[in-house]
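Enquirer: As listed in TrEMBL for this protein:
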type: TRANSMEM; residues: 21-44; note: transmembrane segment
type: TRANSMEM; residues: 56-89; note: transmembrane segment
type: TRANSMEM; residues: 101-126; note: transmembrane segment
type: TRANSMEM; residues: 146-166; note: transmembrane segment
type: TRANSMEM; residues: 173-200; note: transmembrane segment
type: TRANSMEM; residues: 226-243; note: transmembrane segment
type: TRANSMEM; residues: 263-281; note: transmembrane segment
type: TRANSMEM; residues: 323-352; note: transmembrane segment
type: TRANSMEM; residues: 373-392; note: transmembrane segment
type: TRANSMEM; residues: 398-423; note: transmembrane segment
type: TRANSMEM; residues: 443-464; note: transmembrane segment
type: TRANSMEM; residues: 470-491; note: transmembrane segment
Amino acid sequence: MDSGEKRLNELGYKQELRREMTFFKTLAITFSSMAVFIGTPLYGPSLRYAGPASLIWGWVVVTFFTWFVGVALAEICSSFPTTGSLYFWTAHLAGPRWGPFASWCCAWLEAIGMIFGIGAQAYSGAQTLQMIILLSTGTNKGGGYFAPRSVFLCMYIGLTIIWAILNTFALKVIAYLSIISIWWQVIGGLVIVIMLPLVAPTTQPVSYVFTHFETSPEATGVSSKTYAVILSVLLSNYCLYGYDTAAHLTEETKGADKTGPTVILSSIGIISVFGGAYYLVLTFCIRDPSYLYDPNNETAGVLVPAQIIYDAFYGRYQSSTGAIVFLFLIWGSFFFCGLSVTASAARVVYALSRDRGIPFWPIWQRIHPKHKVPTNAVWLCAAIGIIIGLPILKLDVIFTAIISISTVGWVGSYAVPIFARLVMDEENFEPGPFYLGRARRPICLVAFLWICYTCSAFLLPTLYPITWTTFNYASVALGGVLTVILLWWFLDARKWFKGPVRNINIQNGDI
């Protein structure tokens, strides 16, 4: 019996999903969920808040603390290789008294974060496609076609539906596409990182990239330097999570008690290097910082990296063809990322449904008889992802709300099992192959505090003065949803939700 399946049986679950994922396939899907270019839409705002030095050094700082979170999760994953992952871990680590409530909170945070993650990738993909179409048809200055809100929403919905359709096939289809994704992003990342500085007619000096600090209170309304730095670093906070995807695939991964934690740490390492190099190159290749945000420039001031890339190619070749190719590489990153996030979100919903923690759970826990994937859960996630994108028709700040809720929910769900691991008695923990020993307390403490900071930062207002069109609606939306979930718990769910439900009886040999 596979070591991961054996451990799964010991935890009270029988093998239902098809266990065929290798290390590389799991790494490919996890890597796709993080994506090298995922922070592209946030690059412009982050640069504007506090200048290049804050953005670049912020990446270094965030990477450092991300390793604490990753290592803490890797240890827990090694002990509990289940699809329910974070909330299953929480139920066991928190003990019988607090386990049901802690796992309830963790499960819903995770589900909310991942479903909004689908929306974040759909928005990013639609925006990049909007730029590709604009540059392909003549640029903003040359009469090119700039997709209006209604067309933008159609692209958003179209991407979400495509991801759902692809996720209704066997997981090996997603795995193969994710293998394409990892090579797409590695090769595409290398092409952009190497070629862009060679193409750009001029580059910024090293002193500008690493030491230039400049706030823009006239554009952002943020006059506090400390506040500006916090907002500038949001780019890095947003890029460096999603590695728990490996944990969601553990019931479908061979040797998951070893493969899961290895994939988590490998993904952090790869994204840290490639992502950092990408943003570093973008910063070096800025031609005119003030021109990047001009609504009358070639990209309408909408997507700053697109303008940087356009300036490089047009300045060298008087053509936008190279910029279109590079943007297509970036768009592919969003496409593959959305595909992987949809797969992960569906498995979180499936796991929660299997444990009867979601309304109409018998529907969402159904597995496709042939493909062995949670098809109904896939389409539920896609439908909600589409609904949360509808405000695109009226609000410009919807992307801020979507990525904020996604980050707070997704990263916030990391905090629950890490805190439970921090405070539990060591004798109650059954370690897997990856074990921290005495180092777990300081590592878990730093990880927990970092997560608290990250979640708080994403709920802050990002523009001043605060109006209906600049307000960060994440705090209100997330607060409302969490209030309903907590009321549901105290009024009803606490009476019947006991956390993960065993579907195997080892003592009776019912496997």
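Quick reminder: no glycine exception, Cβ is built from N, Cα and C everywhere.
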Enquirer: Tell me whether the transmembrane segment (373-392) sits in contact with the transmembrane segment (470-491), defined here as at least 3 Cβ pairs under 8 Å among residues 6 or more apart in sequence.
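Expert: Taking Cβ pairs at least 6 residues apart, the transmembrane segment (470-491) and the transmembrane segment (373-392) are not in contact, as fewer than 3 fall under 8 Å.
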Enquirer: Quick check for me: are there 3+ Cβ pairs below 8 Å between the transmembrane segment (398-423) and the transmembrane segment (470-491), leaving out pairs under 6 residues apart?
Expert: yes
Enquirer: Residues of the same chain, at least six outside the transmembrane segment (173-200), with any C-beta under 8 angstroms of its C-beta?
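Expert: Result: 21, 24-25, 27-29, 31-32, 35-37, 166-167, 270, 274, 277-278, 281-282, 284-285, 287, 309, 311-313, 315-317, 322, 326, 329-330, 332-333, 336-337, 339-340, 343.
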Enquirer: Would the transmembrane segment (323-352) count as touching the transmembrane segment (146-166), i.e. at least 3 C-beta pairs under 8 angstroms with sequence separation of 6+?
Expert: yes
Enquirer: Is it true that the transmembrane segment (56-89) and the transmembrane segment (101-126) have 3 or more CB pairs under 8 Å, sequence gap of 6 or more?
Expert: yes
Enquirer: Residue list, the transmembrane segment (101-126) vs rest of chain: Cβ under 8 Å, 6 or more residues beyond ends.
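Expert: Beyond its ends, the transmembrane segment (101-126) has Cβ neighbours at 38, 40-41, 84, 86-88, 90-91, 94, 152-153, 155-157, 159-160, 163, 242, 331, 334-335, 337-338, 341-342, 344-345, 348-349, 351-352, 357-358, 381-382, 384-385, 388-389, 392, 398-399, 402-403, 405-413, 416-417, 420, 478, 481-482, 485-486, 489, 493-494, 497, 499-500.
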Enquirer: What else in the chain is close to the transmembrane segment (263-281), if you only count residues 6 or more beyond its ends and a Cβ gap under 8 Å?
Expert: 23, 26-27, 30-31, 34-39, 43, 55-56, 59-60, 63, 66-67, 70-71, 73-74, 77, 185-186, 189, 192-193, 196-197, 209, 235, 239-240, 242-247
